[in-house]
Amino acid sequence: MVAGPVGMTWGWLLPSLCILTVGASMAEMGSAMPTSGGLYWWTYKFSPKSIRKPLSFLAGYSNTLGLIGGLCSIDYGFASIILSCANIGSNGTFIPSKFHTYGVFVGCVISHGIAGSLATKYISKLQTFCIVANMVVIVITCIGLPLYKGTENLNSGTFVFGELDNLTEWPKGWTFISAWLSAIWTIGAFDSCVHMAEEATNAAIAVPFGILSSISMCGFLGFVLLTIVAATMNTDIAATLSTTTGQPLAQVYYDVMGRNWALGIMAVLGVLQWFMGLSILIAGSRQVWAFSRDDALPFSTLLKVVNYKLGVPIRAIWFMVIISIIIGLLTIIDSAATLALFSLAAASNSLAWLLPIFARSFFNVDTFEPGPFYMGSFVSRAVGIFASFYLMFVIFVLTMMPSEGPNPTPQNMNYTCVINGFIWVGCMVYYFLFARKWFDGPKQTFDEIDTIEGNDPNGSHAVEYLPEKE
């Protein structure tokens, strides 16, 4: 909202289209080579032999960090939503502290660990419920907000699509571009399909369909929802942002539909946020498992074990839980450290996406053997090149810049550059000093996946499970 309605509408649509090019490039690789460790496997496959091992190692660590950061930021969002309900329910007398937020955050992460330890068949039923509930909330918002506001009281089209505010110390142009981070973070979980490839039927088709449909639907529905919010919200953006609920969207519902509707909708949104966190935990645990399968993570011997009865990597799940709770301690420091959780996920995942797309677009172009989804040689490479430069901009500029202005203080500095820089440099130091002695890239070549992991002709997987010791 810092860029006003233009940041909410066009600042959502434009990055959504850019993200679609990233998804299209990943969908091609996911169709040709579906595997849970997709990003670092693909990096190894297409990079020059002299640097394929360290780049693959970096891609795997960055993707793991991005998924952990995603879980932290989503569950922090859940805590904020729940506490905003408490604020609304108490008529503003309850003001949540950062310790309240962290406590709810920890409870949420642990509950995800418990739910994620269930068998896959139960998890899929939970996800089906989540999809239905999402559509219900979208319908309620699209109908309820304009209905309660009244057509005669709606904000003008000029306001919705042409009002560019600036609530930062940056120039207006950069404030608009910084608003892209909302879409980048929200749509940033589309690679979850990749990590579930080895548990999917007809993965060569299911993975690209999942990637492209999730980006397209999220981009389109997000644009529609934000347009409606911009048309019905208070024109005093600063007042909405400074709400005591801690959630500007909750304030919009409260202003337009009243206390009871705001409380009910935010409660449902909290449930949906919880399911979103569960999805990220599941995807992240599969990445941890796949990376441990190649002996890349510390304690890989423990983490690569899959529970035979349930068919899920329970140890990898609880590894995600523990690390997320530790990283979540950043929220107790200050708001700047809290914001770093969101940029952490965006920057880390973007680097993990960039490496295989860049390698495939600029190295060994002719070695790619397409799967069922393929855009054609020329379009495929053009899309990959555009996606590569877009991701470079996101990683090295957009996610690293201070959010409030060019003269940051310790209180409002963007600590993403510190956290990600430490992880990326530390990862490479760890590789060259130690891990290079045992990490040889993915243990199987892509030609061997068909025989070792049991791909059938339609792309489904039969993963070999290691029984968990009692």
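Placement of Cβ uses the backbone N, Cα and C atoms for every residue, glycine included.
Per TrEMBL, the feature region 'Disordered' maps to 450-470. Residues or ranges marked as transmembrane segment in TrEMBL: 12-43, 55-79, 99-119, 126-148, 174-194, 206-231, 261-283, 312-333, 339-358, 378-401, 413-434.
Within the chain carrying the transmembrane segment (378-401), a Cβ under 8 angstroms from the stretch's Cβ atoms is held by residues 18, 21-22, 24-25, 28, 174, 177-178, 180-181, 184, 343, 346-347, 350-351, 353-354, 357-358, 360-362, 365, 414, 416-417, all 6 or more beyond its ends.
For the transmembrane segment (339-358), the list of distant contacts is 22, 25-26, 29, 38-40, 42-43, 45-47, 55, 58-60, 62-63, 65-67, 69-70, 72-73, 76, 181, 184-185, 188, 191, 327-328, 330-331, 384, 387-388, 391-392, 394-395, 399-400, 403, 414-416, 419-420, 423-424: same-chain residues at least six beyond its ends, Cβ to Cβ under 8 Å.
Counting Cβ pairs under 8 Å that are 6 or more residues apart, the transmembrane segment (12-43) and the transmembrane segment (413-434) reach fewer than 3 and are not in contact. With Cβ pairs under 8 Å as the measure, the transmembrane segment (126-148) is packed most heavily against 261-283, out of 99-119, 261-283, 312-333, 413-434. With a threshold of 8 Å between CB atoms, the same-chain residues lying at least 6 positions outside the transmembrane segment (99-119) that come near it are 71-72, 75-76, 78-80, 82-83, 126, 274, 277-278, 281-282, 285, 310-312, 314, 317-318, 320-321, 324-325, 328-329, 331-332. Long-range contacts of the transmembrane segment (261-283) within its own chain (CB-CB distance under 8 A, at least 6 residues past either end) are made by residues 67, 70-71, 74-75, 77-78, 81-82, 84-85, 88-89, 108-109, 111-113, 115-116, 123, 126-127, 129-130, 133-134, 136-137, 140-141, 144, 148, 189, 191-192, 195-196, 247, 249-250, 253-254, 317, 320-321.
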